[in-house]
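J.: Take this structure, written in C-alpha cells, and hold onto it; I'll ask about it next.
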Ligand SMILES: Nc1nc2c(c(=O)[nH]1)N(C=O)[C@@H](CNc1ccc(C(=O)N[C@@H](CCC(=O)O)C(=O)O)cc1)CN2
Ligand SMILES: Nc1ncnc2c1ncn2[C@@H]1O[C@H](COP(=O)(O)OP(=O)(O)OP(=O)(O)O)[C@@H](O)[C@H]1O
C-alpha cells in the first residue's frame with residue numbers, strides 16, 4: 001500500500017505541474033474571479049487583520065485581494081519563515097521593502113512585528129491541492145500546519161485555489177489542519193469541519 005506521505009509527494013508533483021501550466025491570461029482571470037465570491041465569507045466586512053501570501057510556482061495570485069483589502073484599510077500580514085521550520089505572520093505595511101526567504105519568496109524583514117494567530121481574523125492559505133472536506137495539500141514544509149495548530153475557531157482558514165486543483169479524497173495525516181472554506185475562481189466552498 002502507498003503511504004500517505006508517498007501519495008502526497010506524487011500528488012504534489014502532479015498539481016504543481018498543472019498549476020504552472022496555466023497561462024498568464026488564465027491566472028489573471030482566476031485572480032479576479034475570486035473577488036466575485038469573497039464577500040460571502042462570514043463576517044467579511046468585520047475581518048480586519050488578514051494574512052495573505054505572495055504567489056509562487058503558479059499559485060493563485062492574491063494581488064486583487066490585496067488591493068481590495070488596502071482600499072478598505074485592513075491590516076495585512078505575510079508568512080515569514082524563522083528558525084527550525086517555524087513560520088509566523090508578520091505585518092505587511094503598504095510600500096514596505098521585503099526580503100527574500102530561502103525559497104526566493106518575498107517576506108517582511110525581521111524588523112516587522114509578528115502577530116499571534118488568535119489576533120488574526122482570517123488566513124488565506126496557498127495550496128497545491130484541496131478537497132471538499134477541507135483537506136489541504138501544501139508545499140510539504142509543514143509550516144502552515146505547525147503554525148495553525150493552535151488557531152481558534154474565530155480565525156477563519158480559507159484556502160485559495162484554482163478549481164483545477166481539486167482532488168477528492170486527498171490523503172490526510174494527523175497534523176493536517178482542515179480548512180474552513182476554499183475560495184476559487186468559480187465558488188466559495190464551505191467545508192464544515194470546524195465550528196465558526
Ligand atoms: N506563496 C507561498 N508562500 C509561502 C508558502 C507557500 O506555500 N506559498 N509556504 C508554505 O508552507 C511557506 C514556504 N514553504 C515552501 C516550502 C517549499 C518550497 C519549495 O519550493 N520547495 C522546493 C524544494 C525545496 C528547496 O529548494 O529547499 C520544491 O519542492 O521544489 C517553497 C515554499 C511560506 N511562504
Ligand atoms: N503540528 C506539527 N507538529 C510537528 N510536525 C509537523 C506538524 N505539522 C506538520 N509537521 C511535519 O511537517 C512535514 C510536512 O507536512 P505536510 O506534508 O502535511 O506539509 P504541507 O501541509 O504540505 O506543508 P505546508 O503546511 O508548509 O504548506 C511532515 O513530515 C510533518 O512531520
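Cβ atoms are placed via backbone N, Cα and C, with glycine included.
When I checked TrEMBL for this same protein, it listed these features:
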type	residues	note
BINDING	8, 9, 10, 11, 12, 136, 137, 138, 139, 140, 141, 142, 143, 144	ATP binding site
BINDING	54, 59	substrate binding site
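How buried are the listed features, and what sits near them?
T.: Other Cβ atoms within 10 Å of the Cβ of residue 8 (ATP binding site), summed over all protein chains shown, number 21.
Residue 54 (substrate binding site) is surrounded by 17 other CB atoms, counting those within 10 A of its CB over all protein chains shown.
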J.: Would you work out the biggest C-alpha to C-alpha distance among 8, 9, 10, 11, 12, 136, 137, 138, 139, 140, 141, 142, 143, 144, the residues that bind ATP according to the record, and give it in angstrom as a whole number?
T.: 20
J.: Over all shown protein chains, what is the count of other CB atoms within 10 A of the CB belonging to residue 12 (ATP binding site)?
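T.: Its Cβ has 16 other Cβ atoms within 10 Å.
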J.: When you measure from each Cβ to the nearest atom of ligand 1, which of the binding-site residues 8, 10, 12, 137 fall under 6 angstroms?
T.: none
J.: From the binding-site residues listed here (10, 12, 54, 59), select those whose CB sits under 6 A from an atom of ligand 2.
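T.: If the test is a Cβ under 6 Å from any atom of ligand 2, the answer is none.
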